[in-house]
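> My questions will all concern the structure given below.
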Amino acid sequence: MRKIGIIGVGHVGATIAYTLVVQGLADQLVLIDESDKKVIGEQYDLLDTMAGLDTVTTIKVQDYAALNDADVLITAFGSNRDESQSNEQIVTQIAAKIESADFTGVLINISDPCDLFTALLQAKTELPVKHVIGTGTLVDTVMMRRAIGLKLDLAPQNIGGYVYGSHGGSTFTAWSTVTVNGRPINEIQGSYGLNFESLMTASNYGGWLALAGKGFTNYAITTCVIKLVRAILSNAHLAVPVSTYSPEFETYIGRPAVVGANGVESLIMASLSELEQGQLKAAASVSKQKIDGLHRN
Ligand SMILES: NC(=O)c1ccc[n+]([C@@H]2O[C@H](COP(=O)([O-])OP(=O)(O)OC[C@H]3O[C@@H](n4cnc5c(N)ncnc54)[C@H](O)[C@@H]3O)[C@@H](O)[C@H]2O)c1
């Protein structure tokens with residue numbers, strides 16, 4: 001039985017729930033939201049969707065206890081708009097409920113600020129660090145692939161490599177890891193007149209166009225989360241950038257890792273250039289300061 005929980009069924013959480021149902025990836029779903037009305041609306045829309053499918057997913061709502069034997073828990077709750085509570089208080093309350101449910105699976109956090117909330121969820125739930133993953137720079141990595149693919153008129157899937165750093169904060173493309181149709185991009189940069197800075201700008205600008213145009217983003221992040229869910233459920237040992245705990249920096253930061261049934265199995269130690277090593281260290285230092293600040297509160 002593949003059981004998946006989602007906390008927060010807004011634009012992102014609901015799109016993930018829909019994708020899990022239509023792709024037949026979950027036998028049981030547990031949907032939780034601050035709003036009863038919203039979660040019941042999503043439950044019945046999904047039940048109606050299922051009536052036209054060939055697969056069945058049972059859907060429970062507002063039941064933290066049902067997370068007890070879930071394989072994967074996805075957190076996609078939103079920030080507090082009325083500021084009656086700090087976001088840290090919300091994360092702490094949600095973490096306490098996850099802990100009371102005795103959830104032992106793999107937690108994938110999407111909620112921003114991603115590295116911070118992932119670290120806070122890990123600390124407050126006391127789940128093993130390898131079981132608590134943030135989507136981190138996975139979405140930044142697919143945006144980088146889209147930008148290079150569009151520039152070179154190639155399928156974005158033919159672009160390899162990783163964006164590192166803090167999603168929503170300081171991120172950088174590790175160009176030494178980037179390949180185009182299997183060739184290091186550094187080798188073809190001159191012949192194609194590629195400007196790395198312009199590519200990064202195009203990558204981020206596309207993300208901005210999506211967010212500014214719609215007011216939210218949901219599809220790209222959903223495909224990233226589905227990739228992680230598949231890797232966990234099938235124990236794929238997939239190399240993928242995520243927000244994960246880095247012992248060398250003593251903090252959560254976006255970097256490539258191997259993901260399987262037990263979450264992060266190992267970190268991928270790519271041969272970064274000296275500049276890239278410095279960029280990663282700087283991003284990790286900022287992330288650590290912010291996370292340490294949260295723990296002191
Ligand atoms: N990492 C990424 O690439 C990426 C991409 C898109 C969105 N996000 C983040 O994902 C989060 C969700 O985005 P969204 O667009 O779906 O937001 P949204 O506002 O549409 O949905 C948030 C949902 O969380 C629910 N919620 C709020 N507090 C809750 C609580 N205490 N318990 C349970 N549910 C609660 C709300 O009722 C709402 O349904 C945000 O933090 C956003 O920044 C990250």
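Using the three backbone atoms N, Cα and C, a Cβ is placed for every residue, glycine included.
What TrEMBL records for 3-134 is domain 'Lactate/malate dehydrogenase N-terminal'. Residues or ranges marked as NAD(+) binding site in TrEMBL: GLY8, VAL9, GLY10, HIS11, VAL12, GLY13, ASP33, ASN87. The domain 'Lactate/malate dehydrogenase C-terminal' annotation in TrEMBL covers 137-292. The active site, proton acceptor feature in TrEMBL is assigned to HIS167.
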> Using DSSP and three states only, what is VAL9 (NAD(+) binding site)?
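Looking at the DSSP assignment, VAL9 (NAD(+) binding site) belongs to neither helix nor strand, so coil.
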> Write down the Cα-Cα distance for the residue listed as 'active site, proton acceptor' and GLY10 (NAD(+) binding site), rounded and given in Å.
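With the alpha carbons as reference points, the distance is 20 Å.
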> State, in Å as a whole number, the widest CA to CA span among the NAD(+)-binding residues GLY8, VAL9, GLY10, HIS11, VAL12, GLY13, ASP33, ASN87 given in the record.
19
> From the Cα of VAL12 (NAD(+) binding site) across to the Cα of HIS167 (active site, proton acceptor), what is the distance in angstrom?
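HIS167 (active site, proton acceptor) and VAL12 (NAD(+) binding site) have their Cα atoms 16 Å apart.
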> For HIS167 (active site, proton acceptor), name the DSSP secondary structure in the helix/strand/coil scheme.
coil
> Indicate the candidate from HIS11, HIS167 with the smallest number of other Cβ atoms within 10 Å of its Cβ, considering only these recorded positions.
HIS11
> Given the binding-site residues GLY8, GLY13, and counting only Cβ atoms in the protein chains shown, which has the most within 10 Å of its Cβ?
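Result of the Cβ crowding comparison: GLY13.
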> 10 Å Cβ neighbour count around ASN87 (NAD(+) binding site)?
19
> Could you tell me the mean pLDDT the prediction assigns to the domain 'Lactate/malate dehydrogenase N-terminal' (3-134)?
95
> Tell me which residues of the chain lie with their Cβ under 8 angstroms from that of VAL9 (NAD(+) binding site), as long as they are six or more apart in sequence?
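Listed in sequence order: ALA17, LEU31, ILE32, ASP33, LYS38, VAL39, GLU42, ALA76.
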> For ASN87 (NAD(+) binding site), what is the secondary structure state per DSSP, taken as helix, strand or coil?
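Going by the DSSP assignment, ASN87 (NAD(+) binding site) falls within a helical segment, counted as helix.
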